[in-house]
């Protein structure tokens, strides 16, 4: 039984890494003028949002795979709408970056995610400024700067788009914690798509109408149904793989998988897209940034485990019952998801983004929501 459990655990992690990397590379191939040549990132993101929202509707309302949460108009207006706005923005900017910079460099820039999340959390009052975390953030920033300096095809526009998308995702994560935690809502990847995908679609319609609709009317843009259907299907499958991973692994395993996925993605991107060559300075800078990310993850995991210790505050019998009732999914915390570089999953929201670690006993819905994006198409 132990071997079978381990087999399925690693199998789900493998599927997650495969789908997460595949969605990002697929998006790059579709958007790149050198390949499929569909340079309309907002349109692609809207396709992901519409498809995911429709499937989520059937799963929730028709097939009743999961039950919807008690959603009032007040909660929707004050929580779902602002979160959807930043989610849509992060996908829009993240996917647009594919038009200007390489996948490898995007992954290196995404090491800034913990920096952005920490800064936003401190400003919003959900986290405190600490010297040890500040040192890690400084190390990550220095590594990203070195990696950017070594980028052969450095593009200011693409870099600005990606960094803006990172901060939009950081705002989304903090808003998720601040707003939904107050309401006591718990959203898994399916219910997250059910509520957020349609709202994000509406938000994306405005920039699409102003920026991309005129281009589609003038240019001869090719539209292949099977290409976009398979692309959206991969993004949706990524969300389901995240759903499985949540219940099978803990925070440390998920974070290690996220780091491994980044390295695999960087290597694969240089093979699939020869123009995205990397230099030794890129690698050194990213390695430095990764050291900061690993240290940051260690601090967060340590803090969460310390805060979860029930020994001094829970009677012995209650402690025993708590241990028996605790599931593997309860160990999961908000992590990178997000945005997955604009893959369109609510998760990508994030394994990739290295968002702050938060125990499920405090905000379990954040982990589930975040794991649900960056995919629809990030």
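Each Cβ is built from the backbone N, Cα and C atoms, and glycine gets one as well.
On a predicted model such as this, the values are computed, not experimentally measured, just so you know.
Pulled from TrEMBL:
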{"type": "DOMAIN", "residues": "11-297", "note": "domain 'Sugar phosphate transporter'"}
{"type": "TRANSMEM", "residues": "7-26", "note": "transmembrane segment"}
{"type": "TRANSMEM", "residues": "38-63", "note": "transmembrane segment"}
{"type": "TRANSMEM", "residues": "75-93", "note": "transmembrane segment"}
{"type": "TRANSMEM", "residues": "99-121", "note": "transmembrane segment"}
{"type": "TRANSMEM", "residues": "133-154", "note": "transmembrane segment"}
{"type": "TRANSMEM", "residues": "160-180", "note": "transmembrane segment"}
{"type": "TRANSMEM", "residues": "192-211", "note": "transmembrane segment"}
{"type": "TRANSMEM", "residues": "223-245", "note": "transmembrane segment"}
{"type": "TRANSMEM", "residues": "252-273", "note": "transmembrane segment"}
{"type": "TRANSMEM", "residues": "279-299", "note": "transmembrane segment"}
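Contact check: the transmembrane segment (279-299) against the transmembrane segment (7-26) gives fewer than three Cβ pairs closer than 8 Å, residues 6 or more apart, which falls short of the contact criterion.
Proximity of distant same-chain residues to the transmembrane segment (99-121), defined by a Cβ-Cβ separation under 8 Å and at least 6 residues beyond the stretch ends, is recorded for 24-25, 28, 31-33, 39, 41, 127, 133, 136-137, 140-141, 143-144, 147-148, 151, 153-155, 157-159, 161-163, 166-167, 169-171, 173-174, 262, 265-266, 269-270, 273, 275-276, 278, 282, 285-286, 289-290, 292-293, 296, 336, 338-339, 341, 352-356. Between the transmembrane segment (75-93) and the transmembrane segment (223-245) there are fewer than 3 Cβ pairs closer than 8 Å, counting only pairs 6 or more residues apart in sequence, which means the two stretches are not in contact. Counting Cβ pairs under 8 Å to the transmembrane segment (252-273), the top-ranked stretch among 7-26, 133-154, 160-180, 192-211, 223-245 is 7-26. Proximity of the transmembrane segment (38-63) to the transmembrane segment (160-180) is not established, fewer than 3 Cβ-Cβ distances being under 8 Å for residue pairs spaced 6 or more apart. Distant neighbours of the transmembrane segment (192-211): 42-43, 45-46, 49-50, 52-53, 55-57, 59-60, 68, 71, 76, 80-81, 83-85, 87-89, 91-92, 239, 346, 368-369, 372, 376; these residues of the same chain sit at least 6 beyond its ends, with a Cβ under 8 Å from one of its Cβ atoms.
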